[in-house]
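Since the structure comes first, as structure tokens, the remarks are kept for the end.
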């Protein structure tokens, strides 16, 4: 005969704390079981050619979440963005090209075309149009190639371009700042505009990073491109600031063209994810540009960014027309009330190919 020994079991009811711990343990093991079951049946994601990014619009992890501070609730931008109206962004902003007038201009244009080719190759950019039919009509586009772009490809191009576009203003502003210090003289207002331009381009980049997460390969490309471009622009600006400003003016022409083509793609129905009414501009963009309620779609965001690029085009073509060591910055200068159109921070009197020196000095 076998004798069985049974341990004593307490007949007292569980305390509230013990019951809570037991329920948490049961829930944890149940969730783990569901996750392991799903992992066995989930399809394997396909590989991507250019980047290891995992999403087009960020829904989970934020690349740069706002830090949690006990006392600081909000930090205002150092350079508040000037207001743009929808009418201004649609009627005053369009693709335009300034024809080179001397050897310096031709060198700048040649360098931009080479950089454009390198960027197209690096980002796999292939579009179904070459350019707008005429400079004054941003919507007159004729397809000449099969359509090969998508929301993801456009975001790849945006992120790569904006990561480079923020370099010239910072380099030029830094060099002029240092020259003002060692020369013991004023800079005539150029530094602020150049640094504000770099800040604005960085805001473009941060906005797109709210919608797209680059992979390690693209991050490596950005690192290499920034190193090469920063040092090259640094040396060129020491040698010929005028050529560098003309270079940036031509570079911004390409940026205006890029955003014009992407807006046209969106309006023609080639980018359905961005046309979805539920796809809204990130809060970062809404606050920076002051986007009004009802005008916060991806299309509206691209119009704002294109207007910024058109402004940089005007500023740098104008600075390229001035005497680099003598003339004041016309975009922060005050003019008489009797003057009609005049340069400023907004796009009310936007000149696509820049102001000539005799118009502003």
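Cβ coordinates are placed from backbone N, Cα and C, and glycine is handled just like the others.
Listed in Swiss-Prot for this protein:
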type     : residues                     : note
TRANSMEM : 155-175                      : transmembrane segment
BINDING  : 162, 201, 204, 309           : Fe cation 1 binding site
BINDING  : 162, 201, 204, 253, 309, 312 : Fe cation binding site
BINDING  : 201, 252, 309, 312           : Fe cation 2 binding site
TRANSMEM : 221-241                      : transmembrane segment
REGION   : 320-361                      : region 'Disordered'
COMPBIAS : 335-345                      : compositional bias 'Basic and acidic residues'
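Here the features listed in Swiss-Prot are placed on the structure.
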residue: 162; record: Fe cation 1 binding site; Cβ contacts under 8 Å, 6 or more apart: 201, 202, 204, 205, 208
residue: 252; record: Fe cation 2 binding site; Cβ contacts under 8 Å, 6 or more apart: 309, 310, 312, 313, 316
residue: 253; record: Fe cation binding site; Cβ contacts under 8 Å, 6 or more apart: 95, 96, 97, 98, 112, 313
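Taking the centre of the Cβ atoms of 201, 252, 309, 312 as the Fe cation 2 site, the nearby residues of that chain (Cβ within 8 Å, site residues left out) are 165, 197, 200, 248, 251, 255, 256, 308, 310, 311, 313. The local packing around residue 312 (Fe cation binding site), expressed as other Cβ atoms within 10 Å of its Cβ over all shown chains, amounts to 23. A simple way to gauge crowding: the CB of residue 201 (Fe cation 1 binding site) has 26 other CB atoms within 10 angstroms, across all the protein chains here. DSSP places the residues of the region 'Disordered' (320-361) in helix, strand and coil in these numbers: 7 helix, 0 strand, 35 coil.
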